[in-house]
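Student: Pasting the relevant annotations from TrEMBL:
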DOMAIN    1-161  domain 'Aminopeptidase N-like N-terminal'
DOMAIN    196-413  domain 'Peptidase M1 membrane alanine aminopeptidase'
BINDING   H268, H272, E291  Zn(2+) binding site
ACT_SITE  E269  active site, proton acceptor
SITE      Y354  site 'Transition state stabilizer'
DOMAIN    494-807  domain 'ERAP1-like C-terminal'
Amino acid sequence: QVKQATNQIVMNCADIDIITASYAPEGDEEVHATGFNYQNEDEKVTLSFPSTLQKGTGTLKIDFVGELNDKMKGFYRSKYTTPTGDTRYAAVTQFEATDARRAFPCWDEPAIKATFDISLVVPKDRVALSNMNVLDRKPYPDDENLVEVKFARTPIMSTYLVAFVVGEYDFVEARSLDGVLVRVYTPVGKAEQGKFALEVAAKTLPFYKDYFNVPYPLPKIDLIAIADFAAGAMENWGLVTYRETALLIDPKNSCSSSRQWVALVVGHELAHQWFGNLVTMEWWTHLWLNEGFASWIEYLCVDHCFPEYDIWTQFVSADYTRAQELDALDNSHPIEVSVGHPSEVDEIFDAISYSKGASVIRMLHDYIGDEDFRKGMNLYLTKFQQKNAATEDLWDSLEKASGKPIAAVMNTWTKQMGFPLIYVEAEQQDDDKVLKLVQKKFCASGPYTGEDFPMWMVPISICTSDDPTRAKMQILMDKPELTLVLKDVKPEQWVKLNLGTVGFYRTQYSPDMLESLIPAIKDLSLPPVDRLGLQNDLFSLARAGIISTVEVLKVMEAFVNEPNYTVWSDLSCNLGILSTLLSHTDFYEEIQVFVKDVFSPIGERLGWDPKPGEGHLDALLRGLVLGKLGKAGHKATLEEARRRFKDHVEGKHVLSADLRSPVYVTVLKHGDSATLDTMLKLHKQADMQEEKNRIERVLGAISQPELIQKVLTFALSEEVRPQDTVSVIGGVAGGSKQGRKAAWKFVRDNWEELYNRYQGGFLISRLIKLTVDGFANDKMAAEVKAFFESHPAPSAERTVQQCCENILLNSAWLKRDADNIHLFLLQRQVPPP
């Protein structure tokens with residue numbers, strides 16, 4: 001549509017050469033463009049016409065040539081090996097955020113929506129897919145080896161959701177209860193491995209249709225596994241692309257955590273078919289709406305499909321605590337962040353958009369209640385379908401449905417960065433407890449000392465030992481300080497804030513309040529998610545220097561009877577952080593003793609082999625505990641791991657998928673060059689990408705310097721898929737002190753190649769974070785900063801700042817607490833007289 005007379009048309013275009021372009025006004029003759037001026041920096045082209053184009057509608061025709069690139073973005077080629085061992089390529093797309101312009105010239109912004117009629121000319125023995133169903137497949141006139149595949153017209157949609165794939169695939173299919181044809185496309189010969197995802201997808205579509213009360217708008221949906229794929233998956237409307245490891249499950253060789261991962265990713269991408277695809281964010285500033293929402297509802301969907309996963313407890317350790325860790329930094333950013341250039345867009349696909357976004361939506365859902373929340377969602381989706389919306393529009397719909405001040409509350413969580421620390425103390429007055437609450441911004445560097453006083457509207461819930469699962473009081477804290485009276489609470493009863501760890505804040509209890517909560521951890525009367533939250537808050541308070549690390553270590557000892565996988569998983573993460581910190585001291589061995597002491601009782605209870613009646617969570621817990629004990633050098637665990645590894649390699653007794661990671665990491669950590677060679681051989685023989693990744697992630701555990709080098713060289717070899725190089729290098733950096741130094745040197749030495757591979761994508765940020773986050777002295781922070789000043793990586797700028805801040809924080813933590821920790825660890829080992 002020409003809105004006002006002009007002799008130029010400006011559109012997005014990148015790495016494309018235009019041969020001819022013409023504009024034909026409706027019912028008039030076409031005018032040929034005489035000039036193409038490319039603005040490469042801005043990824044735009046200006047088409048100039050010899051005469052003025054008048055107001056009205058017309059057709060723009062462009063004949064152009066692009067490249068099928070190797071960058072895993074735009075229209076790119078993905079390398080795969082056929083069952084007979086030939087190397088071949090598939091052609092696939094990845095357009096989000098700003099790469100549709102690499103496949104065809106277009107107006108590549110989420111708010112400029114259109115319908116798309118797509119035809120592909122492809123070799124006749126290849127599968128060709130796009131967003132819509134095939135209308136027609138006919139021989140191509142000029143070449144009998146080609147066919148022309150014509151797809152149905154799409155609904156009105158954004159460019160970043162357009163997709164096409166050409167390659168060799170098998171598929172399995174089903175119809176969901178609401179009549180949608182669902183197919184999962186797998187590499188040739190692996191159709192069987194698509195069944196698990198197919199089941200999840202077929203259950204999920206009706207669940208969302210029901211939840212939103214809006215039907216899925218397309219006739220079909222395909223889920224397809226792509227060999228070379230930068231992200232986890234991409235929600236293209238009707239044609240969702242996945243990494244192989246996020247879609248394929250082999251009943252015999254896939255571990256429990258892979259099943260859970262596939263279920264979550266399928267749930268996430270299918271949620272986008274409504275939230276994102278049907279209603280799209282106005283601009284990338286509101287990306288968090290898409291990602292935060294999908295990252296929350298994927299858990300709702302998995303909980304519906306697999307109640308035995310206890311997935312909401314896992315949410316707290318996977319998303320909530322991760323977001324809080326990042327958001328306590330001075331270099332965090334608000335959920336809503338203004339973005340301009342494409343490199344700034346890439347940068348916001350981070351834990352704030354996804355995990356903090358999901359956490360505040362979980363808090364909001366809890367504050368509104370499920371029924372009104374669903375009413376509001378339906379209002380929003382119906383009002384804006386096939387259109388675009390901003391954050392305010394969602395608040396508006398939820399406000400109408402619930403009658404609560406949603407915008408006022410939520411603006412404090414999305415428009416300012418950070419979150420509050422709530423300090424609470426209690427005083428007994430006869431039969432009542434009087435609580436005094438104070439909120440201040442929580443900072444990773446210690447007590448907040450800023451000039452301004454950021455304030456949050458915090459939904460507070462309080463429970464007591466009377467009923468730990470039910471709120472005795474719920475209140476919205478909308479000022480800096482609050483005094484509350486809890487009626488009929490006896491002196492010996494404990495009080496806990498943030499029931500279910502739903503509110504996005506941390507709590508600091510007065511010493512006596514905390515003291516009274518410890519027995520509730522030991523006797524498990526506090527629910528799992530509350531035990532986890534309590535421990536995690538304490539750990540982060542210690543990290544920030546608000547309390548001593550020794551206090552937390554004492555609380556960790558109270559978890560001896562802990563049965564819950566997720567609680568252990570979070571505890572294990574925190575001990576891992578502490579281990580990494582103490583690898584910079586000369587008493588690293590002492591913390592390993594502590595780890596063995598904490599984990600060996602549960603290790604002995606679980607043993608190595610599944611018992612009858614055990615489920616998903618037991619399998620996850622066993623893998624976690626054995627891996628932790630093995631890495632720490634627990635003698636019995638190490639011996640058994642070596643024995644089972646030998647049987648596995650010799651083919652006497654194949655390790656179950658759930659035991660492979662812990663066994664691999666244990667034998668490597670305490671292994672030699674023969675162990676490494678055996679692992680690399682297993683890697684080469686592995687047919688499943690999941691097994692290759694499993695091995696790639698643990699290779700960094702090896703400890704001899706020359707073997708560390710060998711692993712790093714392997715990371716950049718042809719044996720490792722480009723998107724997986726990052727986890728190999730990251731594994732080395734996280735494996736040992738020597739590994740950390742070597743990995744950082746390796747990244748610097750190979751920077752050109754790594755940067756060219758991942759530039760602009762989020763993989764470069766991930767690489768930097770994994771490599772340097774574990775350092776702990778001020779000199780290293782300066783070195784990292786200096787390196788990236790001379791080797792700029794625009795889309796990772798914020799990540800670099802966050803890493804430097806983390807290194808300085810680690811250094812301060814070490815100076816402050818190392819001696820006390822050392823003393824505590826030594827005194828533990830002295831038997832009492």
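Don't overthink the numbers, they just go from 1 along the chain as shown.
Every residue gets a Cβ built from N, Cα and C, even glycine.
Heads up, TrEMBL stuff is auto-annotated, nobody curated it.
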Student: If you average pLDDT over the domain 'ERAP1-like C-terminal' (494-807), what do you get?
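Tutor: It averages 95.
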Student: So what sits near H272 (Zn(2+) binding site) in its own chain, CB-to-CB under 8 Å and at least six residues off in sequence?
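Tutor: Spatial neighbours, sequence-distant, of H272 (Zn(2+) binding site): E235, N290, A294.
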Student: Within the chain of E291 (Zn(2+) binding site), which residues six or more apart in sequence place their C-beta under 8 angstroms from its C-beta?
Tutor: F349, S353, Y354, G357
Student: Name them in sequence order: residues not among H268, H272, E291 whose Cβ is within 8 Å of the mean position of the Cβ atoms defining the Zn(2+) site.
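Tutor: Close Cβ neighbours, site residues excluded: E235, E269, A271, F275, G276, N290, F293, A294, S295, E298.
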Student: Give me the count of other Cβ atoms within 10 A of the Cβ belonging to H268 (Zn(2+) binding site).
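Tutor: For H268 (Zn(2+) binding site), the 10 Å Cβ neighbour count is 26.
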Student: Count, for each of the recorded positions E269, Y354, the other C-beta atoms lying within 10 angstroms of its own C-beta, and report the residue with the smallest count.
Tutor: Y354
